[in-house]
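Encoded as structure tokens, the structure appears first; notes follow it.
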Amino acid sequence: MADEFGNGDALDLPVGKDAVNSLIRENSHIFSDTQCKVCSAVLISESQKLAHYQSRKHANKVRRYMAINQGEDSVPAKKFKAAPAEISDGEDRSKCCPVCNMTFSSPVVAESHYIGKTHIKNLRLREQGGVKEGMVNQAKKTRTPTVATKSDNKMDHSDRAKFCKLCHSTFNNPLMAEQHYAGKKHKKQETKTQIMTIYTSSGQTPAQAPIPLNLNSPMPGSGSAGKGFSCDKCNIVLNSIEQYQAHVSGAKHKNQLMSMTPLSEEGHQAVVAPSAIASGSAGKGFSCDTCNIVLNSIEQYQAHISGAKHKNHLKSMTPLSEEGHTAAVAPSAFASGSAGKGFSCDTCNIVLNSIEQYQAHISGAKHKNHLMSMTPLSEEGHTAAVAPSAFASGSAGKGFSCDTCNIVLNSIEQYQAHVSGAKHKNQLMSMTPSSEEGLPSAVGPSAFASPLSAGGALSSGGPSGRGFCPSGDLTPKGPSSFGSLPPLGSLLPPLYPPAHSSQPYVHDDTMSPDGYNYFNEDFE
């Protein structure tokens, strides 16, 4: 192998067996016939040895190795073409990067490296003191990793720049430590530790005793740190500190704590005995023996015992004594088998769900109508039109029947409106001829049912070819000229006048009650 490098772009390769053996003898500390320490290659044959030492890959690795260890006595200085002092900084940058321990085959590759992220990151670390200056110290540090690890282990719990006790994280340099302490993970762990310390040492709610310190809960530096937030009272694990805070301040956690001790608030003991709270359902809900239900939380339980349903169940166990209620419904209706299930009205044969519904029912029209249907009405005018038996008939409880009109009304109001209306009165009048003054006998129901004999031969559609009007007007008038009177045949003159008269036929019989004169225009 030649003793010198070229211009830095390539290394002169040994040619032939003698040149290879000479290279091995000159660099026996790194080369041998069976092993190349620079390439970490094991050579098992003569041909493999010659091929390896004459390869370009081996020459590049040797050049990189010498560039890194150029200050060591073990590497001969004659391997380089010129001394480092004779080489400018620009030429050094194009050959190798002492910061990243890299060599380059051309200035283009070197320039690409210097503008890359890796070089910029390593340069920043070196400027901040993370990477020691001097490649000799770097080489020693890389050659003795065991010693460095031992020294780091001694500083695990004392050097904050190399170890985080809270997160159990180690750092290679101060920059990594600063990034960690300013990061989200470390801040979250700090918040978690603070919250857990507060809730496990001095946290308490108004309705409970102080929570005892839980040794199994996540504490700073414990093994469970970073894996969740446990609540031993509710036997659950929360994923974040926000969820834990929401849980311990929520109703479920408070109910779980309160379910372990009977309630002592004023007013609750009178409604439900403490045994209902401390019963076998403790921790699973709050039972109300009166209503036979279980509530999920103390808030629901308090709302239940102060609500209408619970009060109605309590009232249903004792007959009502309010004025006016006992008269309509006997106390036995409340003490019957339906107690606790509703309020029954024997009058209407229905069951109400609450005392409010019952009170509204007995004061309503339906209940009053049923009461009135059991006794004949005594109001003036009603009994004359409808017999008392109409109220006490089989339709009682289902409506109010009118035998005159053969209909059934749903309420007493409808019945009263019916008997005072025109339809009912007309039905009564149609059963007996009217005798009121001024109404002709022909206007009765029979008058509309059949034409009179006087005009039986005429149709009711009015005269044909004859005119009739008030005061002798010759203009023919239709049936509407008579107002509300129907065009009856009895009001029309006969077809022909009597034979003994030559005067126009006007007879007293043709005078209508309204003063109409009926005549035949053929007889003038």
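Every residue, even glycine, has its Cβ placed from backbone N, Cα and C.
Annotated zinc finger per Swiss-Prot: 34-64 (among others), in sequence order.
In this view, HIS58 (Zn(2+) 1 binding site) is surrounded by 20 other Cβ atoms within 10 Å of its Cβ, with every protein chain counted. Under the heading Zn(2+) 1 binding site, Swiss-Prot lists CYS36, CYS39, HIS52, HIS58, citing experimental evidence as support.
Swiss-Prot lists 92-126 (among others) with the feature zinc finger.
Summarising the annotation, Swiss-Prot assigns Zn(2+) 2 binding site to CYS97, CYS100, HIS113, HIS119 and lists experimental evidence as the type of evidence. In the three-state DSSP scheme, CYS97 (Zn(2+) 2 binding site) falls into the strand class. Every protein chain shown contributes to the tally, and the Cβ of CYS97 (Zn(2+) 2 binding site) ends up with 20 other Cβ atoms within 10 Å.
Feature annotation from Swiss-Prot assigns zinc finger to 162-192 (among others); the stated evidence is sequence analysis. On the 0 to 100 pLDDT scale, the zinc finger (162-192) averages 87 in the predicted structure.
Swiss-Prot lists 226-260 (among others) with the feature zinc finger.
Residues or ranges marked as zinc finger by Swiss-Prot: 286-316 (among others).
Look at Swiss-Prot and you will find 343-373 (among others) tagged as zinc finger.
Feature annotation from Swiss-Prot assigns zinc finger to 400-430 (among others).
The feature region 'Disordered' is assigned by Swiss-Prot to 453-486 (among others).
The compositional bias 'Low complexity' feature in Swiss-Prot is assigned to 476-486.
Annotated region 'Disordered' per Swiss-Prot: 494-513 (among others), in sequence order.
Note: the Cα of CYS39 (Zn(2+) 1 binding site) and the Cα of CYS100 (Zn(2+) 2 binding site) are spaced 19 Å from each other. Annotation for HIS113 (Zn(2+) 2 binding site): spatial neighbours CYS97, CYS100, MET102, PHE104, HIS119, criterion Cβ-Cβ under 8 Å with sequence separation of six or more. DSSP assigns CYS39 (Zn(2+) 1 binding site) to coil in the three-state reduction, outside any helix or strand. In this view, HIS119 (Zn(2+) 2 binding site) is surrounded by 17 other Cβ atoms within 10 Å of its Cβ, with every protein chain counted.
Cβ-based neighbour count (10 Å, all protein chains) for CYS36 (Zn(2+) 1 binding site) stands at 21. All protein chains considered, the CB of CYS39 (Zn(2+) 1 binding site) has 19 other CB atoms within 10 Å.
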